[in-house]
Amino acid sequence: MAKKKTDDNNNGKDQLLEKLVKELEKNHGKGSVMLMGKGNENNHVASIPSGVLSLDNALGIGGLPRGRIVEIYGNESSGKTTLTLQALAEVQKHNGVAAFVDAEHALDIEYAEKLGVDIDKLIVSQPDYGEQALEIVDSLVRSNMVDMVVLDSVAALVPKSEIDGAMGDSHVGLQARLMSQALRKLAGSVSKSKTIVVFINQVRMKIGVMYGNPETTTGGVALKFYSSVRIEVRRGSQIREGKDAIGNETKLKVVKNKVAPPFKEAQVDMIYGKGIAKENDIFNLAVEEGLIQRKGAWFSYVNEDEEEVSLGQGKINSLDYLKEHPELLDYFEYQIRKKKDLYIPEDLEKSIKEMKKNEKKALKEETQDKEETQDESDEEK
């Protein structure tokens, strides 16, 4: 009897709760208030691949989160812009619209094309001052047409009053105030439009710090609070080919993550003039996950027919083999994403289906050839 009374009370509360939500929606507009458990799409954070599989793995959701603000920061020439350009190329690859707000006025168009960016479809802005740059970002987000906006960089957002003033004038806190105001406006519209807004930031040294990390980012602390994801890019040792330096080992550390567990890292090879080496990244992850086995100096993998296929002797030869067979890169990426329960892009699924279809076709043709050869042999006898 007591149990029935409790159930009646709970049903009554549920009805009152639904009535409250409907009343609030009526007063403030549809979607202003919601019950999270009612199958709402907000229960799952959608993502767009960053173009770097190990980073997608470190982010925990298979890419950069939609409808969120992301900060990518690091020292000079560490690979921040390269990382964002590869992410923009990935957005375009999935039929998305990408925008680049070049506050530094330093975008290398030829380099962007080498990284896979479709320049003809890339929205580019080179604003004159900070307020204009942030207004353009806000307009792009509110248009509901752009999938990713990159602003390069926060340090280059100079307030108009500073540009109009003399060189020696003091302008304490103007940039921090500008960023704080802009982020307050952007936060809501970014969430509604599902646009990814990426701020590239630079590192500065704090004066007089004796203990702890002396590094800090520009533009005040507002960006640290409003960012759902913060990625630190740190350049490591040089990659050499003989006596020539051809790139750098680069560490990508997720120092803040509101959509998955933080503090995960990704190690990538940044090759000068070419960007992040995709085949190296996938190869290293495939070895780590046991998809590629190492026996002495030889690398091999087991295909879906349970046959062992050799990739080559040594890492360099194995990587060359993967470059010659890009469908294998797709196969390993698919297997890693599936194993790690990461978002699998539609084009990757199509590529795998096409690969399996071609394998079946090749096997069928091989079987037919064997049968024809056998028939000819029987006739000769």
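Note that Cβ sites are derived from N, Cα and C of the backbone, with glycine treated the same way.
Curation plays no part in TrEMBL annotations; they are all automatic predictions.
Per TrEMBL, these features apply:
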- GLY74, ASN75, GLU76, SER77, SER78, GLY79, LYS80, THR81: ATP binding site (BINDING)
- 372-381: compositional bias 'Acidic residues' (COMPBIAS)
- 44-203: domain 'RecA family profile 1' (DOMAIN)
- 208-281: domain 'RecA family profile 2' (DOMAIN)
- 358-381: region 'Disordered' (REGION)
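Structure coloured by features recorded in TrEMBL.
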residue	record	contacts (Cβ under 8 Å, 6+ apart)
GLY74	ATP binding site	LYS80, GLN202, VAL203, GLU232, VAL233, ARG234, ARG235
ASN75	ATP binding site	GLN202, VAL203, ARG234, ARG235
GLU76	ATP binding site	GLN202
SER77	ATP binding site	ARG235
SER78	ATP binding site	VAL233, ARG234, ARG235, THR250
GLY79	ATP binding site	VAL233, ARG235, ASN248, THR250, MET270, ILE276
THR81	ATP binding site	ASP152, ILE200
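Other residues of the same chain near the ATP site, with their Cβ within 8 Å of the Cβ centroid of GLY74, ASN75, GLU76, SER77, SER78, GLY79, LYS80, THR81, are VAL233, ARG235. GLY74 (ATP binding site) falls within a strand segment according to DSSP.
Using a 10 Å Cβ-Cβ cutoff, LYS80 (ATP binding site) registers 23 neighbours. Sorting the domain 'RecA family profile 2' (208-281) by DSSP state (H, G, I as helix; E, B as strand; all else coil) yields 9 helix, 39 strand, 26 coil.
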